[in-house]
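> The annotation FAD binding site is assigned in TrEMBL to TYR230, THR242, SER243, LEU244, LEU245, SER246, PHE285, ASP385, ALA386, ASP387. Per TrEMBL, compositional bias 'Basic and acidic residues' is recorded for 555-582. Taken from TrEMBL, the feature compositional bias 'Low complexity' covers 588-608. The domain 'Photolyase/cryptochrome alpha/beta' feature in TrEMBL is assigned to 4-133. Feature annotation from TrEMBL assigns region 'Disordered' to 540-647. Among the features that TrEMBL reports, site 'Electron transfer via tryptophanyl radical' is placed at TRP319, TRP372, TRP395.
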Amino acid sequence: MSSGKTIVWFRRDLRIEDNPALAAAARDGSVFPVYIWCPEEEGQFYPGRVSRWWLKQSLAHLEQSLKPLGAELVMIKTQSTLSALLDCIKATEATKVVVNRLYDPVSLVRDHSIEEKLAEVGISMQSYNGDLLYEPWEIYDDEGRAFSTFDAYWDKCLNMQMEPVSLLPPWRLMPAAVTGTVERCTIEGLGLENELEKSSNALLGRGCSPGWSNADKALTEFVEQDLFDYSKSRFKVGASSTSLLSPYLHFGEISVRKVFRCVRMKQILWRREWKSQGEESVNLFLKAIGLREYSRYLCFNYPFTHERSLLSNMKYFPWNADANHFKVWRQGRTGYPLVDAGMRELWATGWIHNRIRVIVSSFAVKFLLLPWKWGMKYFWDTLLDADLECDILGWQYISGSLPDGQELEQLDCPQIQGSKFDPEGEYVRQWLPELARMPIEWIHHPWDAPLTVLKAAGVELGLNYPKPIIDIDKAQEHLREAIFKMWEMEAAAKSTTSSQMNEDVFDNSDSIKTSAILKVIPKKKSSCLTYSSNDQRVPSFQNCNNGLLPRKRPLPVDEEKLHMDKPNKQNKEAGTSGREDLCSTAESSASKRQKSTSSTSTSIISFTVPQYCSSSDGRPFQDHESSNLNLTWHEKIDLEQTSNKNG
């Protein structure tokens, strides 16, 4: 063991087992573990209430886990991550900083900037893969291009001659001597939850157990009890039929390598025992793991995907920026029971089944034509397992913005979806008590029920349960019109281009005023609640220490063949030349940096979520949801109606 001093910078890797950065620092000498909380740098992706609650509990768990090993987790709240790191380096006389890599656009920018600044003062920043099975720059097609479809990407991953290996936790950590001053704080001092949030957060502890050791328990329980039936039970929206590992994976409380290895071992055993159902379940679960991998791959190789669609023709789609429709969807008052039940469960618990996520997001995008970026941001604000990369992948898939995404014209009827995934109506009754007495045959479409049935069930449409916000046929008509308009605008743009006239056509959501989206924040803002109208740019990686670059620009997509038909396997990787919308991280960054005055410059993003917006009659109003966390749904609705009436 050398005598070096190393800063171990924890981020979304809150574990001691299979933590490459921690293991490397332990081998090199003494360590100084630190977690830095800088709300100002989170910008528009400041974590939501339940996500911050999980983070707080996970940090407490990590702190208690490091103490027996001989080290103490130092927590710092600051306005500059770089300044905090420099203070730690000065106080400990450390010679390097180690981190596990992150792949979202905001973190890529921040890490690259910090690495450059540290290098200027002679401090190296070494990064490790603690989040993925395969690095984004390791998976390319035979021509060295980035994949733009999941199946091709995942097939390549599964055929890679590399097995993930987990690292054992260190037996002992040698703490670095501190000769200077570091302004550390307690977990409470980080300000991850304020007084208004604590009463609601207390309920989360009854069903959630953050922490890396609890992640191990959750994995073991799933593999031993639920994995075998996963292929049959994964669509049961009213039951705990999934692994529930997503928040643990997001915060790095368990490594994806450990999950992969554990599940593969079960698959080998079931294969020997000729248990085909178990094998099928493992393949489906590994595909879910693969989608998480692909979300990182997509964001790294196509770093603009949090701002605009991967398919450039979607920039012509006429989104309907209706703040009232957005509010009704968020509050679960659309009049479609399965959608409303899902949105109310999301607000109450911070979690919904993946199938319900697909249903509610599809309703927002295709029934209401709401910009997919609005839904993406709302999921980020409310999900317990909020994960930016997975969020981006899911919403781009639903909105038809990916080459292999859901067909844009596919409009799934919530009534049929309810009969399929909640056949007994138990899920709807759980989250919509006003419909608890509705018969099974009418539970998913109460608007069709006879008046006698509604009266017997105590349901008054338009009073204690809303009428459908839009008729299904009307929604189909609006969607069809929007698609035709998109085609017309695209054809006009191509015609203009062919006549050598320069006319830029942008995603219409870029021009939507930010006041059209509601921000969900407590009534009394704490100092840590900072929102920015700017987003970070993606850096060039040409000077990174690892020297690994995408070898060629990612393969563009033949969008003329992908207007409305789902691409077949022969077309999935077909390409056109010269598309600026599909470019690699390094290339897009290089062109942007030429216009940048500094490495931390930001670009104006297409949307933010402001605190106030205007009502339909032009009067400003404030969203009351977060300031009344303990109210029932009816009380919240009544409060809003009273507020609007009183002006």
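These residue numbers are counts, starting from 1, taken along the chain as shown.
From the backbone N, Cα and C atoms, a Cβ is placed for every residue, glycine too.
Just so you know, TrEMBL annotations never went through curation; they're auto-generated.
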> With DSSP, how much of the domain 'Photolyase/cryptochrome alpha/beta' (4-133) is helix, how much strand and how much coil, in residues?
65 helix, 30 strand, 35 coil
> Which of these recorded positions has the least crowded Cβ, counting other Cβ atoms within 10 Å: TYR230, TRP319?
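Selected from the recorded positions TYR230, TRP319 on minimum Cβ neighbours within 10 Å: TRP319.
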> Between the Cα atoms of PHE285 (FAD binding site) and TRP395 (site 'Electron transfer via tryptophanyl radical'), what distance do you get, rounded to the nearest Å?
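So the alpha carbons of PHE285 (FAD binding site) and TRP395 (site 'Electron transfer via tryptophanyl radical') sit roughly 20 Å from each other.
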> Given the recorded sites TRP319, TRP372, TRP395, state which is nearest to TYR230 (FAD binding site) when distance is taken between Cα atoms.
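Ranked by Cα distance from TYR230 (FAD binding site), first place goes to TRP395.
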> Any idea what the Cα distance is from TRP319 (site 'Electron transfer via tryptophanyl radical') over to TRP372 (site 'Electron transfer via tryptophanyl radical'), rounded to a whole Å?
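That comes out at 9 Å between the alpha carbons.
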> For the recorded sites listed here, TRP372, TRP395, which shows the highest count of neighbouring CB atoms within 10 A?
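Selected residue: TRP395.
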> So the record assigns TYR230, THR242, SER243, LEU244, LEU245, SER246, PHE285, ASP385, ALA386, ASP387 to FAD. If I measure every Cα pair among those residues, what is the longest distance in angstrom, as a whole number?
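Largest pairwise Cα separation, rounded: 23 Å.
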> Where the distance is taken from Cα to Cα, which of the recorded positions SER243, TRP372, ALA386 turns out closest to TRP395 (site 'Electron transfer via tryptophanyl radical')?
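That would be TRP372, nearest by Cα distance.
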> Can you give me the Cα-Cα distance between SER243 (FAD binding site) and TRP372 (site 'Electron transfer via tryptophanyl radical') in Å, rounded to a whole number?
27
> Taking just the CA atoms, what is the gap between TRP372 (site 'Electron transfer via tryptophanyl radical') and ALA386 (FAD binding site) in Å?
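That comes out at 16 Å between the alpha carbons.
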> Counting only residues 6+ away in sequence within the same chain, which have a CB under 8 Å from the CB of LEU245 (FAD binding site)?
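In sequence order, the residues whose Cβ lies under 8 Å from that of LEU245 (FAD binding site) (at least 6 apart) are ALA215, ALA218, LEU219, PHE222, ILE254, VAL259.
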> Near ALA386 (FAD binding site), which residues of its chain come within a Cβ-Cβ distance under 8 Å, counting only those 6 or more away in sequence?
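Those within reach of ALA386 (FAD binding site), by Cβ under 8 Å and sequence separation of 6 or more, are PRO47, GLY48, SER51, HIS250, PHE379, TRP380.
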